[in-house]
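Colleague: Mind having a look at this structure? Questions to follow.
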Amino acid sequence: MERLVIRMPFCHLSTYSLVWVMAAVVLCTAQVQVVTQDEREQLYTPASLKCSLQNAQEALIVTWQKKKAVSPENMVTFSENHGVVIQPAYKDKINIAQLGLQNSTITFWNITLEDEGCYMCLFNTFGFGKISGTACLTVYVQPIVSLHYKFSEDHLNTTCSATARPAPMVFWKVPRSGIENSTVTLSHPNGTTSVTSILHIKDPKNQVGKEAICQVLHLGTVTDFKQTVNKGYWFSVPLLLSIVSLVTLLVLISILLYWKRHRNQDREP
């Protein structure tokens, strides 16, 4: 009598594990990767955002959308059949600078604060559906800096103001002794921020001929702004009052002498 013997592989668990690993590798390999890069550009200059489909998948249409609170907003599409199609709200504002179904670049002609945000590029591929990537655009404004000083009776006020986006930071390069500092921050409707720092120096005479150095930090870069304190602008209030009083007294004496002289002349026969 024959017996049917079924031999099970000794390493069946390892074989099954290997199958699962291979399936996972195939699945991961099949996943399409989209490479993007965030950009930071200056206000009122051109800007570009790029998207690249890394895997050799067949894309049929490329769509760019702007992310918004409710739902993404279509901006522009590109396909071989229809070419570039720009939505009315974005005409004369953007264009697709790189025409391709694997690599796509949109260009803003002149960015404004409204253009700041994140954008999605969607590759509509055959067999894998829509594969998307996200690139974000940040808008900045270079600092506009003013530096001036003013003498008063017993102290010197030096003011440094910087307006930029994002908000700048203002420092002073001065000795620590006898100096007080106050800072005011003001946000503007156009998205910029003004930071004003005022130095109160108690011994103004010692600052004559020296430089007032204001340091502005913006986007990781520190810039020095210098101004030499001119003694021609310095005066002492008590000294000024003394001079004015002396001049007034001399004028009164002159008037009195002139009046007496003419009075004596009138009395002579």
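Using the three backbone atoms N, Cα and C, a Cβ is placed for every residue, glycine included.
Remember, predicted model here, so these are calculated numbers, not experimental data.
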Colleague: Pick out which of C28, C51, C214 Swiss-Prot lists as the disulfide partner of C121.
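Modeller: Among C28, C51, C214, the record in Swiss-Prot lists C51 as the disulfide partner of C121.
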Colleague: In Swiss-Prot, C136 is disulphide-linked to which residue out of C118, C160?
Modeller: C118
